[in-house]
Amino acid sequence: PAGTWLLYLPCTWSVGLAAEPGCPPEWRTLALFGVGAVLMRGAGCTVNDMWDRDYDRKVARTASRPLAAGDISTFQSFVFLGGQLSLALCVLLCLNYYSIVLGAASLSLVITYPLMKRITYWPQLVLGLTFNWGALLGWSAIKGSCEWSVCLPLYLAGVMWTLVYDTIYAHQDKRDDIIIGVKSTALQFKEDTKQWLSGFSLAMLLSLCVVGVNCNQTFPYYSSVAAIGAHLAHQIYTLDIDKPEDCWKKFASNRTVGVLLFIGIALGNL
């Protein structure tokens with residue numbers, strides 16, 4: 001699913017940037033983070049569905065989710081969540097101590113994110129803070145600690161990217177959200193959405209340039225950043241915020257953005 005890719009790709013960026021100059025990214029670490037992304041994205045979905053089961057029943061797109069539809073009980077979902085988190089912990093324990101502590105610190109975000117749509121019009125910002133934790137964790141898994149001059153701007157770039165794609169995603173449900181009282185950046189920005197998305201995209205690209213400078217990156221990296229800029233510009237220019245099917249198509253296309261950056265990092269490092 002697109003969401004698993006969007007959680008995984010910031011990890012790959014960080015792992016790629018942490019590789020020694022002239023070397024490809026560490027494939028074992030990439031594989032480990034891939035398994036972790038599947039498990040943690042799944043756990044996040046479980047937590048989200050547990051918090052939102054009453055809301056999900058009132059939204060056509062989510063009414064068939066197992067908890068909302070009554071196919072499974074809350075207790076069964078707790079058991080399932082426990083299994084997901086236990087397996088994710090096994091993955092985390094394969095990393096160094098610094099990364100174990102850093103990874104465990106993200107749990108508070110995973111658990112509280114689904115509540116944010118009830119209290120703020122900026123739940124997408126909290127999702128960005130949650131989904132891009134791998135931008136910190138990938139580097140520490142390779143190096144043993146974070147190099148903040150690289151990790152922080154990379155993390156910021158990821159957060160800005162999430163604000164772009166998840167605002168687009170939120171426009172799918174805005175009519176139902178108004179009825180049931182759920183908040184989102186889509187409802188906050190309304191007809192000004194494209195201007196906000198343009199600002200977030202610019203902030204992402206500038207942050208990626210800072211990352212490149214601080215990592216001594218080379219031409220392929222900056223070429224990929226330019227390609228990402230073109231991709232985002234096309235997304236925003238052609239976006240129809242009143243067509244859910246177009247919002248979904250634009251949202252899902254962000255996997256290409258993440259893959260482009262990973263390729264640019266790997267080639268630039270080589």
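Going from the start of the chain as shown, residues are counted 1 onward.
Cβ atoms here come from the backbone N, Cα and C positions, even for glycine.
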Stated TrEMBL location of transmembrane segment, expressed as one of 125-142, 251-268: 125-142
For the transmembrane segment (125-142), sequence-distant contacts whose Cβ falls under 8 Å of one of its Cβ atoms, 6 or more beyond its ends: 6-8, 10-19, 26, 29, 32-33, 37, 44, 95-96, 98-99, 102-103, 106, 109-110, 112-113, 116, 150-151, 154-155, 157-163, 166, 185
